[in-house]
């Protein structure tokens, strides 16, 4: 394979060097055909491939895809459009806390927005670091694209309440896609940086710590377990940003320039236009476009250009956003402005990752100026467009809508410069026009297409004549493409319609007519009436005559972009094909996958270096945009490094590293695909429409780059000048679901697109042997309208349909009645229908006679057309239902070739069956195409006649092809049936299991009474069957359960198909491994070591204290938290069974299905189809079994291979369920909380813990154990559910989890009761199992038939030649030491997996975390539950009492804070006389929250120096959980709350200093917050106390009041000034004293300066006692000084008023006097 690929590279390099003509001549066959030779070699190598390991491949992938000659290209296998279909998403956001919020004395609220949904946290009073821990969930049901473009916005708002909206502190934005692309789709405990959108010069406004997770259907999210939060306080190290984005993001302007648009469709009815025309007398364009740009939650619009198909805007929309942005896509949409509602004309998304590069040689986002093409619904205007979604960018557009000239640029702002605009609002401003040539030179392009075959036309449209139309942009679109331009201008630029072009031609002078003669495009085939193929499909009679179409169009010449993409795409295609091969080799366990992988990597590195040399010549081409240049550079860099890496990895590929290297290679593939996607469009895509009756029926869309021609082989599109099988599909939503699976038509289509001037070899790729027929009157230069083939070959196709497996269940019984229909060329045949099976073995040969194929024989041999096989489910009434389809290529024998090895007879291969995008089974078949020579059919290899008397004239698959069979025995272990649902409302009473494989089978014993005992009485049965030697070809085994009713009736309950038997093939145990050469020794440390370690772990720094080592303090929870911290594998982060292979070590569970399988869109999960479970197992082996096994001692022939299996009689068990806690429950109440309680069901018994619900908690700690008695097998499914308690109405289920106890109970991993890591007889770590370790060990040794245990002296024990060591004595409660063997036995149990033959890891003592699911929201986790289950058989000694795991009671503490003095407090008030500054200082403090327990000192009046003396004591009692470092508060949430809610908050003491005012509100001066677990030690003197104590909090040593108990010192008060800088506003000398509740009772103290233990009065200077000395004096001081201006003003005003009054009083008299002239 290497040689061929290398050869091809060299060869194409040679071709490049030669003159062009000779390349053309090769195909003409004038010269010796080197090309043909090469192809034949390649073919020969492919055929010899069966011998050469590097070329093996899965038929379904490669049969279709390896094209040998270069005449054909691959078809696309998957049919259904996946985008645009809505899916369920759940976004969960936990807002934990905020820190360093900027602002004074704020009351912050966090608002969480996703898209348009808003939710708010509660308000925290007067703090800059609020702690919330609130959980929000948003549910969506939208298409993925819409979901990932939604913006998540966190904003902190200051003092929001019902009446006012509050002021915004800062926001943080990110799109959902960014979160989804994180590992595990989540950010956990990360800090979001807030910035102010209205002031970009300001820096960070604070941090919000949160968890954000986005769950799609079927994603499961693993929450990282973290108990301690020290490492997360490091904010800078845990920012909420994706990998690789710098913490300091800068502000940047994003300029999106909108220049102009072309080719808009009409968006109004023409009736209105005609009315307007009648009135105004002018013809107007029927569209009023404007452009709307959306980015990171903001929208900008250009102006509206009234009635213009070619609007010119020249405007730019400017966004201001942090860079790099956390929103990936800019959405640009042309909309039509309308009085009623604006609709989208077309949408384009600009992916910022594709137009920028963040590497060290990277570049900022830049684009264009370039045209982008928009696609959407068809162009006819209808009022209600059914495909309007397509115009909004959802789903694949089915028609060209318009193209828009845009460019994008980004500039990083320098926020320090003075003239910068601070706001981030979107701005729109005009820009200058750009020149015509900026986007490239206009060139004339030529598109040619030829329809070689049109088959599989859906019968609904088969009665009217059909034609096909090809369009590129608006060219070639005659029905609705034409938007008549108002003036016939820019003739060659616009896509004019036919008439206009003809008009031009006729009016022009003669000499012009010649060169324009070939202007007329022929874009559609002549209509033809279809012929009938069979009852589902028709075909068009394109036999010898193949219709052609061709179109001229004018586009800017930007082919280089497409060439670049093509080169990378081709490398990627080759890589993908290779990787598929490697996977197939690994999957089918063939030899040497590493060789094939090396070959693939070799090819990749050659491809990369070839790319670099080819791209190098582009580097200095003119007429390129900045993006073109930068992209080329970065692509070359990437490809170069990829080539190097591939080379390097190639050397490291070994047999054992294949899988990981394969992963690396898959990363290359993704990277290549990403690079190949060109963000700047040039030529629009080509659409092929099937038209009937002038209506558009079905379409296919082909990217123009795929059919673009280039002189250089690597740059040519992969389908250019090749025949491609194209399947047409229905447009838009019609194509979803079942409608989209039926093929509307299958075309064999030849396409060529290139510059008109290089069109002379546009026919070269066609199969040879045709003559061209041109349109009559015009001259020689015209392309042909039809091709007539005079060469035709006759073939016989033999389709060997052997069997299919794992088909889709199409009937309500959960089975199907499948048959297959094979299409080839214009013929079709069907296999017979096999009833009630998902794994039909047809074993049938279909013969197609007289298949006529056109073209040269040699070409056909290399590249036959493909075969389509469709599978249907036959229904008694109505139409057969579609199951799926697959494609295949036949192996061809020409008439002169022998029929013999290595190619013939062909081998059966597997082909994957697709239904839409999902896989619906596999087909095992072989196809051969044999040329019929002169002698007619007699020359072909003979067919054996229908020997089968029963099946009539059905040919079986001939001997050489059907697989070689040998005799196998299949043993079945029948254990029991579980959870059978009702069938047709009747209970299942007497079920039986039928097992069938390859036509043979066995029935289980009948269960007499399913209710009483659902287990089978006979455990093992067997049957013999002939199966293929090749394991991969084994047919599936079917398990069916029937219910035997009266009168010998049977009803199918459900069925299960075991698709592969490989897991169950018996391999005899390796005898040699029993005698170990060396006996290993294991020692177990002193069991108390771990405990001591744990105790030490609890102390974070500080000296060792006696108190914590006290045994009484340690409880089960200390063990639990210690194991979370050390991440010892004791707390499993998922279900226990997923760690132990579902406990199916010998007992397997098979789900029984019934009912139709749902498709993705109907969201019918398979779980709904499960009607019960069959428990049992299988074992298969070739029949003459070696004698050794049967001769072994104690061999029970009845049990076959299932020796030593426990009996399945009913057994009574005590089940003890421990529920520790639940996390992240889905909120069930309107307030975003839930009131959870636990319900446990097992069989008939149900335990409801309703009265102990936990109020308003989403992370409740239950800490309970429940005992239930059960009888296996009747009651073996344990359901633990969490319900939400409601005062009124029924309680809602939050989620539940189901545990199959039976499999655990019988498993050899011994999951009944976990084995502890050490053995103790008392205390919280007491041994829980009623059997002691030594008894368990003895039992295991006996069952496993191994030698031991032998306890020796000196703490040793020997089991099966291994020696283990351990301690030999133990303490009882009274502290006495006793001799014991338990530690030794336990050390063996803990290492049981190392015992040969029978060893396996025994389940340790553990806690498992189980996801809670809700049947209403399938597949999306509703929270998780931590729990474990112990089971004790009742016939054994009874177990001890359950361990107490009840939640720790918080410990009562009292914190006594004495405020001694303050100093250097800033002065707020001015004095009256002297004008000097003073302050009336008091100190306020609280621990739980300002509302709950704030306490104030008295006021130190009139301090002139900022010094205050208080001697005042605060007393804060609180409940504290040491393990979690949280204070517990219980309070009612509001006056309407039914009961108290428990909150956990971190212990933070807040002290504030205030200035008291009598008549106005007090002024806040400064504050300090001390986290009682970690706060800086106070300074010894006021002088040493400064801001650094807070600024460098991380570096300074911290102390914990819980360790120190008493601490005294000076701490600084701080506030933020206008510029958000921290400033020192005072210092306080305080003493903190922590006492427990008991100590507080013994030595009580008084509040303030009260008894008991009073503090002395502070010695305050007399200024503050003025009140008492001279009341008048102080009145004068306080009132006159403060309000003197006010008093003077008031006096003046009174005087004025008096004057005015007098004036008014005297004026009438005065006037009278004047008038009378007195």
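Every residue gets a Cβ built from N, Cα and C, even glycine.
TrEMBL labels come from automatic prediction, so no person has curated them.
Range 483-527 is the one annotated as region 'Disordered', of 393-437, 438-482, 483-527, 528-572 (source: TrEMBL). TrEMBL tags one of the stretches 1660-1682, 1683-1705 as transmembrane segment, and that stretch is 1683-1705.
Spatially, the domain 'C2' (231-366) is not adjacent to the domain 'C2' (779-904); fewer than three Cβ-Cβ distances between them are under 8 Å for residues at least 6 apart in sequence. Helix, strand and coil content of the domain 'C2' (71-192), in residues and according to DSSP, is 14 helix, 62 strand, 46 coil. Proximity of the domain 'C2' (951-1077) to the domain 'C2' (779-904) is established through 3 or more Cβ-Cβ distances under 8 Å for residue pairs spaced 6 or more apart. Across the domain 'C2' (71-192), the model assigns an average pLDDT of 85.
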